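Peer 1: Just dropping this structure here.
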Amino acid sequence: MKLIILDRDGVVNQDSDAFVKSPDEWIALPGSLQAIARLTQADWTVVLATNQSGLARGLFDTATLNAIHDKMHRALAQMGGVVDAIFMCPHGPDDGCACRKPLPGMYRDIARRYDVDLAGVPAVGDSLRDLQAAAQAGCAPWLVQTGNGRKTLAQGGLPEGTRVCEDLAAVAEQLLQEA
């Protein structure tokens, strides 16, 4: 199985300091849906791992989050792309959970669900916490320079072996060339 794990905000869609709180606020980044479609069509299983503390903060509810994800799934389907599963942490930063990135809990859940060893599985994010969680789980961290990615790159301290690409389309291109 060829598995790839993506962060959502800043990788697939535009990020917002005020959170993505409704389907109207969910706007795909240029080329991201096409990248997922290319990966899907090349037999990759695409999974999201996303912190959604807006739930804990009361900024939106589960029904709204599901509506946001429905919008994403519909847009992807039009291009032949599929996100097989969405793993998310609904907790706030101070809740003490094991699933909130930079902790690797969501990634370990993915490994159990798909019965895979995550060693070398590409995990794409735009923030240091995405990359830290991925590296702790044994994934190969990839930083995109969309969302908070440029700032993350400038701040340094990336996990060893982190690969850097302009955006998700460039990640997909690299992976498909290497396959």
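Glycine too: its Cβ is placed from the backbone N, Cα and C atoms.
Feature table excerpt (Swiss-Prot):
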- Asp7, Asp9, Asp126: Mg(2+) binding site (BINDING)
- Asp7: active site, nucleophile (ACT_SITE)
- Asp7, Asp15, Ser16, Asp17, Ala18, Phe19, Thr50, Asn51, Gln52, Ser53, Arg57, Arg100, Arg129: substrate binding site (BINDING)
- Asp9: active site, proton donor (ACT_SITE)
- Thr50: site 'Stabilizes the phosphoryl group' (SITE)
- Cys89, His91, Cys97, Cys99: Zn(2+) binding site (BINDING)
- Arg100: site 'Contributes to substrate recognition' (SITE)
- Lys101: site 'Stabilizes the phosphoryl group' (SITE)
Peer 1: In which DSSP state, out of helix, strand and coil, do we find Arg129 (substrate binding site)?
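Peer 2: DSSP call for Arg129 (substrate binding site): helix.
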Peer 1: Let me know the DSSP-derived helix, strand or coil state of Thr50 (substrate binding site), please.
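Peer 2: In three-state terms, Thr50 (substrate binding site) counts as strand.
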Peer 1: Whose Cβ lies within 8 Å of the mean position of the Cβ atoms of Cys89, His91, Cys97, Cys99, the Zn(2+) site, other than those residues?
Peer 2: Asn51, Pro90, Asp95, Ala98, Arg100, Leu103, Gly105, Met106
Peer 1: Which of the binding-site residues Ala18, Thr50, Gln52, Arg57, Cys99 has its Cα closest in space to the Cα of Asp7 (Mg(2+) binding site)?
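Peer 2: Sorting the binding-site residues by distance from Asp7 (Mg(2+) binding site), the top entry is Thr50.
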Peer 1: Since the record lists Asp9, Asp126 as binding-site residues, which of them has the fewest other Cβ atoms within 10 Å of its Cβ?
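Peer 2: With the binding-site residues Asp9, Asp126, fewest surrounding Cβ atoms within 10 Å: Asp9.
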Peer 1: Return the member of Asp9, Cys89, Cys99 nearest to Ser16 (substrate binding site) in space, with distance defined Cα to Cα and candidates limited to these binding-site residues.
Peer 2: Asp9
Peer 1: Between Arg100 (site 'Contributes to substrate recognition') and Cys89 (Zn(2+) binding site), what C-alpha distance do you get in Å?
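Peer 2: Cα-Cα, rounded: 5 Å.
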Peer 1: Which three-state DSSP class does Cys99 (Zn(2+) binding site) fall into?
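Peer 2: Coil, per DSSP.
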Peer 1: Cα within 10 Å of Arg57 (substrate binding site) is the criterion; apply it to the binding-site residues His91, Cys97, Asp126 and give the hits in sequence order.
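Peer 2: Neighbours among binding-site residues, in sequence order: His91.
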Peer 1: So of Arg57, His91, Arg100, which of the recorded positions has the fewest other Cβ atoms within 10 Å around its own Cβ?
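Peer 2: Output over recorded positions Arg57, His91, Arg100: least Cβ neighbours within 10 Å is Arg57.
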